[in-house]
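Colleague: Take a look at the following structure, please.
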Amino acid sequence: MAEHGESSEDRISEIDYEFLPELSALLGVDAVQLAKSQEEEEHKERMKMKKGFNSQMRSEAKRLKTFETYDTFRSWTPQEMAAAGFYHTGVKLGVQCFCCSLILFGNSLRKLPIERHKKLRPECEFLQGKDVGNIGKYDIRVKSPEKMLRGGKARYHEEEARLESFEDWPFYAHGTSPRVLSAAGFVFTGKRDTVQCFSCGGSLGNWEEGDDPWKEHAKWFPKCEFLQSKKSSEEIAQYIQGYEGFVHVTGEHFVNSWVRRELPMVSAYCNDSVFANEELRMDTFKDWPHESPVAVDALVRAGLFYTGKKGIVQCFSCGGCMEKCTEGDDPIQEHNKFFPNCVFLQTPKSSAEVIPALQSHCALPEAMETTSESNHDDPAAVHSTVVGLGRSEAQWFQEARSLSEQLRDNYTKATFRHMNLPEVCSSLGTDHLIGCDVSIISKHISQPVQGALTIPEVFSNLSSVMCVEGETGSGKTTFLKRIAFLWASGCCPLLYRFQLVFYLSLSSITPDQGLANIICAQLLGAGGCISEVCLSSIIQQLQHQVLFLLDDYSGLASLPQALHTLITKNYLSRTCLLIAVHTNRVRGIRSYLDTSLEIKEFPLSNTVYILKKFFSHNIKRLLEFMVYFGQNEDLQGIHKTPLFVAAVCTDWFENPSDQPFQDMALFKSYMQYLSLKHKGAAKPLQATVSSCGQLALTGLFSSCFEFNSDDLAEAGVDEDEELTTCLMSKFTAQRLRPVYRFLGPLFQEFLAAMRLTELLSSDRQEDQDLGLYYLRQINSPLKALTTYNNFLKYVFSHPSSKAGPTVVSHLLHLVDETELLENTYKNEDYVNHPPGTSRIMKGLKELWLLSPEYYSSFVSEHLLRIALNFAYESNTVAECSPFILQFLRGRTLALKVLNLQYFRDHPESLLLVKSLEVSINGNKVPKVVDYSVMEKSFETLQPPTIDQDYASAFEQMKEHEKNLSENEETIKSIKNIFPLQPPKISSGYWKLSPKPCKIPRLEVGVTNMGPADQALLQVLMEVFSASQSIEFRLSDSSGFLESIRPALELSKASVTKCSMSRLELSRAEQELLLTLPALQSLEVSETNQLPDQLFHNLHKFLGLKELCVRLDGKPDVLSVLPGEFPNLLHMEKLSIRTSMESDLSKLVKLIQNSPNLHVFHLKCDFLSNCDSLMAVLASCKKLREIEFSGRCFEAMPFVNILPNFISLKILNLISQQFPDKETSEKFAQALGSLRNLEELLVPTGDGIHQVAKLIVRQCLQLPCLRVLAFHYILDNDSVIEIARVATSGGFQKLEKLDLSMNHKITEEGYRNFFQALDNLPNLQNLNICRHIPECIQVQATTVKALGQCVSRLPSLTRLHMLSWLLDEEDMKVINDVKERHPQSKRLIIFWKWIVPFSPVVLE
């Protein structure tokens, strides 16, 4: 066997690129880009993985077992993949062919695994039907014996002779040594890997690595004389006892089976279907309504079997259905015409020859034919228990054979396979579930250990009395029917050991019926009959070879005596029983069970498998289904039973047009199913739903999803009521008291929502009050959008005119519950939420921390959307409008809210909104941090010398730069797969023409953009034309303005603000800006270019109120301003930053003409005209912000005018120096008059150092102070004064205290400060950093004092302490404090420098 593997050039593509545009539209990403990136990663993984023939995975059952941990959110089932030769590698989602080593990472809705396999590796010998040792999942080790060994039996008495027979032993079986096999008495037959004992004639095959030939010999043929001559009876007994599965089963049970068929050994083309067997397909046409037997034969050869409905035939391989077959049609041509991709038709030989060829390839040799199915008519082929009996004594045997044939005939009929589920799900019959493997775990009654089982493992372990438990609709009936069908088909060798299989429904029997009577009534039909005596004799003779499949078990008390005895006294009959039991009823039968099987949640891959069966013509809808549940991870478990899947199918049939795949539709369909099933008990069902809803509601708001009997009783739920079992499950295993759960957490929320709607819609006031009580438990936006998001969605799916206004009003008031906001975020834990919800919750929390304003806009938009949807669903828009209008008043919302229907119906409501914002984000990735600039700032510093214990206080900049670079690449790749989508303006307000009301103010944020494309331009043209005022905020977006020129020219009179940062303005763009007559605010910052044309013509903006120019290091800005610049009479904000010397004369004149100036920031280095500047500033009584930096400042003139600014809120002089004490004292005194001051950044200098304590005491006169900063000037005395003022009642509103770079403070001074600081209830940010040369190595007492200080600051979220050298013990103290802090989840401590050098570490 040649090694198969991928070379470095052997790249494969799993992607169907022709379908990617459709996927791009659904996902909103560039699927082609994503696919290419994904293929590259997968190729790298392939290159690492081991290649070559894997003999350990030639067993399909073993391959199937590898998928136990495989993600179920896939479009291929494990059964399909295992049948196609694949096993799960454990590397991501990679699957690999055992034969050709093909590795696949993806699934496909359009291609089956076998189709993908054949396309990518047509040369695979497994696919070509060659003998590569594949072992079918239902195959067994025991083989039919040869009539005569080659050369005669006597020839092989000697071990060496036996060993010589293994000359052509197949490569795939080399894991089992021919020498060991020959020593155990076996001779190689020459057929596959089948060996035969020279003594007893027993034949075994399917040898795998690790098999013990002696153990296999002893298990299957314990009476062999050669075996008994070599092994003691105790050894043989130990071999048998230690064998896994097949209890009480020997080889003769399989060899003498009455239901044996010749099987195609290559399962790859069979799509896991028993109808790969041509004979079985022929059997399905027994009830074929057409006449021509020739046509039937042709249909069978074309791979088709009869479904039993309306003349419809179906292909066993591709699943395609055809009907209206007429005389003269060529079924193969018709099959190929409608289903050209069918693998069965694409096999190397013609379709008519494929299956016979597969069968003949693996056919049993002639010597084995005596035990094939032809032995039904062979009088010589008799059961081993009949040998030596007389004709009359063997009567039971003939009856048993006849009974077996009748049973098989019944089970293979379409009427048995197809059992319609109740009316609502009539389209989905059990025959569509036959091909699905349910997920099963095994629970041995005497052992608490549970283990997952594959279906082959279940079949191997059928013995004694077992049950299969599951929820309502979990697939118990289908599972039992599948066993009966597989047995009858003869296509499941694992079931050959059963001569009789009885599938009995216990729901339609009476206690007085005999067992034979039940069998005749349910299974044998009008012509069949068997006596009780004969049946008893058959069971007594066959014992373990009889399997009872008992469905609809409800309790021992209702059973006839015969069945009661079979269960409770199984040691008498020794038959096998598998009983289907609802989870609630297991307890009553547990003492009689050996093993309990439990059906777990129906895998989502099975759901997709079934949907593909029904909707293969609508792949787009299937794709949308996969995308929906991929994007809503928390919903993936809702299809937990086949019954829920049936509800999905029903919904799709009833709503053939594309609908959103909402979980509400699923749950509603399920409730409809219950109402149809229990038509005669409508009132009891309604009462049960109501009481269960109350329990669900109570549990939901106490985070309880498990309940006991007391909980049920309190809610009025009858735990013994059968209807309750349709909504809840009972769990009793390993528990003193039973535990009850709803069918799923989301289903509990659905029932709770039904109950809440019922309460709010009630005519009883106490019910309404109770409903309102529960509704008010949702007391924050975070809870509404995360914890109770699904619950609210379900509430809205039950619209109620009474509940509508109440719910809408409550939701819209949540945004303004500011007093609850912080506590909610502090206490709400997302560990116990589903992954998707937890991620959203974490993201919202981070958004709130980073930008409370954006957070408010986000939650406002989402709550408004939710509330409006409910108002429309409940038809209460008019009643809700007062709440809606109140909510809209003065708010800033996202532009997309205008797509809501409300703004089409009530466009006048738009006038209440403050503004609407729209963000346009491009795919450019700007450099977040320029490390070269940081490195330059450290050039003059010498690396500090520190002890080894403190080395962790410094981290290498290169490592951070590397990580940041990698992150930037990741962000770039992510951005590349998300194509820029223009804002959607397709519904709601945008349907109005003309627009009766305009958007009061449109805020347009543009980031990382290049020129806009035509689609975006068209959208902006429409949006701009509907806006009364437009404000731009552009960043890193050179060329964007020019690209939207047509939109700006149409609406230039509406543009009132333009803020531009880190972009280059072309001359054309500067000219374009100059055509905006209504511009009131202009900001230019951080650009490498001086937009001289724009600045030369600033006087043309006659209404300009705000001018911000931040161009450090650029040519003199003030010099390029026009002479007419001072004539701008409406200036309210003036912020100029330039590091060049500047002429202030124009600026002074402008201020002189600006009586309404509120904000003044200036940074420049010009030293003249300062007096005139101060003089003119003194007249600006309305100033609220003043900031001076650079050399253009004289302290005394400014201090003299400072008391004039009684409206001042922000004073920033942090970069100015006051050298003399007199000026500094005067400054300190003046501060007392600024009673509205909120931010004070104190100047530096010796003079300020001398009066620092006075400045601190003056802060007692500043009750509004939120920010206070001292740099370089504090010492031990002045810093302790801050603590004294705080304890005296000052700083009550202080949020930020910046004490960095105060190197005059000693460690003792800090320790005293920490010990004294208290009574700062709102302090969020404390900065005590030092320069690197001033690193401070602190004692344990200081660290302890710092920890105690932090504990007394309840609102602290940021502590900056760079250059504080902390060892491991110090950090333990700090971290312990952090863990106990009220803001533990938000508190961040900055204590590590990121530097371009390594410190000098002392040994």
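Cβ coordinates come from backbone N, Cα and C, glycine included.
What Swiss-Prot records for 63-128 is repeat 'BIR 1'. Sequence annotations record features per position, and here Swiss-Prot assigns repeat 'BIR 2' to 162-228. The repeat 'BIR 3' annotation in Swiss-Prot covers 281-346. Look at Swiss-Prot and you will find CYS315, CYS318, HIS335, CYS342 tagged as Zn(2+) binding site. The domain 'NACHT' annotation in Swiss-Prot covers 464-758. For LYS476, the entry in Swiss-Prot reads ATP binding site, with the evidence type similarity to another entry.
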Colleague: How many of the residues that make up the repeat 'BIR 3' (281-346) does DSSP mark as helix, as strand and as coil?
Modeller: 24 helix, 8 strand, 34 coil
Colleague: Using DSSP and collapsing to three states, where does the residue listed as 'ATP binding site' fall: helix, strand or coil?
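Modeller: The residue listed as 'ATP binding site' sits in a helix per DSSP.
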Colleague: How big is the Cα-to-Cα gap, in Å, between CYS342 (Zn(2+) binding site) and LYS476 (ATP binding site)?
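Modeller: Roughly 31 Å, rounded to the nearest whole number.
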Colleague: Near the Cβ of HIS335 (Zn(2+) binding site), how many other Cβ atoms are there if near means within 10 Å?
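Modeller: Neighbour count, Cβ to Cβ under the 10 Å cut-off: 24.
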Colleague: How big is the gap, in Å, between the Cα of the residue listed as 'ATP binding site' and that of CYS318 (Zn(2+) binding site), rounded to a whole number?
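Modeller: That separation, Cα to Cα, works out to 26 Å.
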Colleague: Tally the residues of the repeat 'BIR 2' (162-228) by DSSP class, grouping H, G and I as helix, E and B as strand, and everything else as coil.
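Modeller: Secondary-structure breakdown of the repeat 'BIR 2' (162-228): 28 helix, 8 strand, 31 coil.
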Colleague: Based on DSSP, tally up the residues of the repeat 'BIR 1' (63-128) by helix, strand and coil.
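Modeller: Result for the repeat 'BIR 1' (63-128), in helix, strand, coil order: 21 helix, 8 strand, 37 coil.
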Colleague: In sequence order, which same-chain residues at least six apart have a C-beta under 8 angstroms from CYS315 (Zn(2+) binding site)?
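Modeller: Counting only residues 6 or more apart in sequence, the Cβ neighbours of CYS315 (Zn(2+) binding site) under 8 Å are ALA302, GLY303, LEU304, CYS321, HIS335, PHE339, CYS342, PHE344.
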Colleague: Take every residue in the repeat 'BIR 3' (281-346), average their pLDDT values, and give the whole-number result.
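Modeller: In the predicted model, the repeat 'BIR 3' (281-346) has a mean pLDDT of 79.
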Colleague: Other than CYS315, CYS318, HIS335, CYS342, which residues of the same chain sit close to Zn(2+)? List them in sequence order, counting a residue when its Cβ is within 8 Å of the Cβ centroid of the site.
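Modeller: Near the Zn(2+) site, beyond CYS315, CYS318, HIS335, CYS342, sit ALA302, GLY303, LEU304, SER317, GLY319, GLY320, ASN336, PHE339, PHE344, LEU345.
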